[in-house]
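TrEMBL annotations:
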- 1-27: signal peptide (SIGNAL)
- 37-56: compositional bias 'Basic and acidic residues' (COMPBIAS)
- 37-80: region 'Disordered' (REGION)
- 67-80: compositional bias 'Basic and acidic residues' (COMPBIAS)
- 101-124: region 'Disordered' (REGION)
- 114-123: compositional bias 'Polar residues' (COMPBIAS)
- 168-287: domain 'MurNAc-LAA' (DOMAIN)
Amino acid sequence: MKKKKGFLLLAAAAVIMTMLAGTSLYARGQLEQKAEAVKTEAHAQSRQEVEQRGPADTESVNAGEAQEVRSQSEENDGEHQEKMIIALDPGHQGPGIDMSGMEEDAPGSGVMKQKNNSGTTGRYTGLPEYQLNLDIALKVKERLSRLGYEVVMSRENNETAMSNQERARQANDSGAVLCVRIHANGSESPESTGALCLVVSEENPYAGSLYGESSELAQDILGKYCEATGFENRGIQISDSMTGMNWSQIPVVILEMGFMTNEQEDTRMADPSFQEKMADGITQGIEQYCLKRKVR
């Protein structure tokens, strides 16, 4: 009887333990299911937020990242780019500088010419050519600098003692890719008007190889200049007697901006507001030439 009673007690204990174990497993299962449900819900919510944000926001993020990379790349490229150099020569200089000495008009030519002079004078305004040339050149320099060019000037005042040969040598040695010599014209006839450019001939024994590029530079400058000012385009003329061009090793032109012996052109070229148009045209012509050559 005692053995039977002990057996029953053991059996009851086993049943109780089994029930407790089942309860524990059930509870753990419930907890795991709840955790999985929470995780699934969180994932679904995140996915819904992405879908609600839509492709536009995704593209915006991608575009922002791309822009950041592109900006960094452009910044790095800019660090390695060299500015293109433009040489400007405002013709002549003030009368207080003695440039009456002589120099060869071309390398080894044996032909001697006066080093420089003060140029002509406005017949109606009294404005000296050397001052007009400098005023325009400084305005062109400012514009070219804003466009990213480096500008070398033969002079920035009226007291610079540089001969025409020295000005050409300076431009050659500066690393400039072209030189524009800025002048104004004069004539015995007050009826003469318009702008023109001088270039060397193809047969010039000193700088003839520059004829093609110089002619194209002249064409670009004249076109834009006359468009900006309304002046007559007198075209390109050949000259092999100009010291500053014969000594040049880079494309070079002499721009005669207008006639200071014509009342209308003399008056207009002396007007500061009109000078802005003159400088705009010259700058645009230089820029057009450079962009075509892809030299920037």
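The backbone N, Cα and C atoms fix where each Cβ goes, and this holds for glycine too.
Unlike curated entries, TrEMBL annotations are predicted automatically.
Within the compositional bias 'Polar residues' (114-123), the DSSP-based counts of helix, strand and coil residues read 0 helix, 2 strand, 8 coil.
Same-chain residues lying 6+ beyond the ends of the compositional bias 'Polar residues' (114-123) with a Cβ under 8 Å from its Cβ atoms: 91-95, 97, 99-103, 129-130, 132-133, 162-165, 183-186, 190, 260-263, 266, 269-270. Across the region 'Disordered' (101-124), DSSP helix (H, G, I), strand (E, B) and coil residues number 0 helix, 7 strand, 17 coil. Residues of the domain 'MurNAc-LAA' (168-287) grouped by DSSP class, helix first, strand second and coil last, total 55 helix, 27 strand, 38 coil. Mean pLDDT of the predicted structure over the domain 'MurNAc-LAA' (168-287): 99.
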